[in-house]
Amino acid sequence: MVQDIKRAEIALDFKNKPVFFLVGSTGIGKTAIAHRIADEIGLSLLSIDSMQVYRKLDIGTAKPSLSERIRYRYGGIDLVDWKDSFNAFLFVQQACHYLAKEWENRRGVLAVGGCGLYFRAMTRGLCNAPPANLQLRTELEKMDRITLLERLTRIDPSAVAWVDCSNPRRIIRAIEVKETSGISLIEWQKKTTLPLVTPFLAFWIDRPQPEAEIRLRRRIKKMFERGWEEETLMLIEEGGMEAVEKCKAIGYKLIGQFLLQKRKNREELEEAIYRQQHGYAKRQKTWFKKEPSLCYYLLKNPEEEYRFIKSCIEKIAFFIRRNHQDFLY
């Protein structure tokens, strides 16, 4: 109850402040576009990437460089140790502090990333469902997706049509909530807190499928060139292979197995990571399609990308001029 009151107070304090969103699936080019927008209009950047919150997961999560983090006054990065747990509520708490600091300095914020849950938490509120049951979650994480789906169907059939059943983590959460509280996650979702920011502008960028796939493959190769294997080896030396296998960021577990067991050759390893990231990108698109506040832009060529950036800058500048003349831009 205390958390609910605090969240309500925060939402009231943050009403009518300049915040904007640029979202899209992994590898689509969000960060580069966000930097171009920020250069033109002087915005600070908040990462809404669910993996960039973890320290030491740098290359595999495509974090901005240290110089870029300083230049664009980044928030939402390196919030917790890579072995720690993190969730949307903790992210919103951190985002509150960051936004308050930037707004105090009269700077607008562009939130950029691909985590649909973080976007929803900031713009539509948080679900008040019970926290994670670690003992039950450990048990469920040992099961494959089909077994999890059968269990959810048995205990909460109404949730099956609602939950993203291609994502084991979503199935686990639905099972966990139902078995812990006796109430379906669907019912809990109806009892959300107030949104963190309102009003806001939100842009969803996408690429034609062939180009998106090429970009994703190129991105993975560049990560290996930058030292992804060496980064993973450092994590294994620090926390052991068991900790790396529990890491939720795509690629680290596969690379760890490759380094220690040589299960695949390098090409097979890159292809396995690509398949996982491609599947994640599809799930991201599915999520964003359910967000009515997003303005969708398909960037078919460099000219359309340029026009999008120009239009985005104009819309943001107009929004600030109309509502926040005391803010910098």
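Each residue, glycine too, has its Cβ placed from N, Cα and C.
Keep in mind that this is a model prediction, so the values were computed, not measured.
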Given ranges 49-52, 73-76, 209-212, the stretch to which Swiss-Prot attaches the annotation region 'Interaction with substrate tRNA':
49-52
Which one of the binding-site residues (Ser25, Thr26, Thr31) has its C-beta surrounded by the most other C-beta atoms within 10 angstroms?
Ser25
Determine which residues of the same chain, besides Thr26, Gly27, Ile28, Gly29, Lys30, Thr31, have their CB within 8 A of the center of the CB atoms at the recorded substrate site, and list them by sequence.
Gly24, Ser25, Ala32, Ala62, Gly114, Arg215, Arg219
Fewest Cβ neighbours within 10 Å, where candidates are the binding-site residues Gly24, Gly27:
Gly27
CB within-chain contacts under 8 A for Lys30 (ATP binding site), separation at least 6:
Leu22, Val23, Gly24, Val112, Gly113, Gly114, Ile205
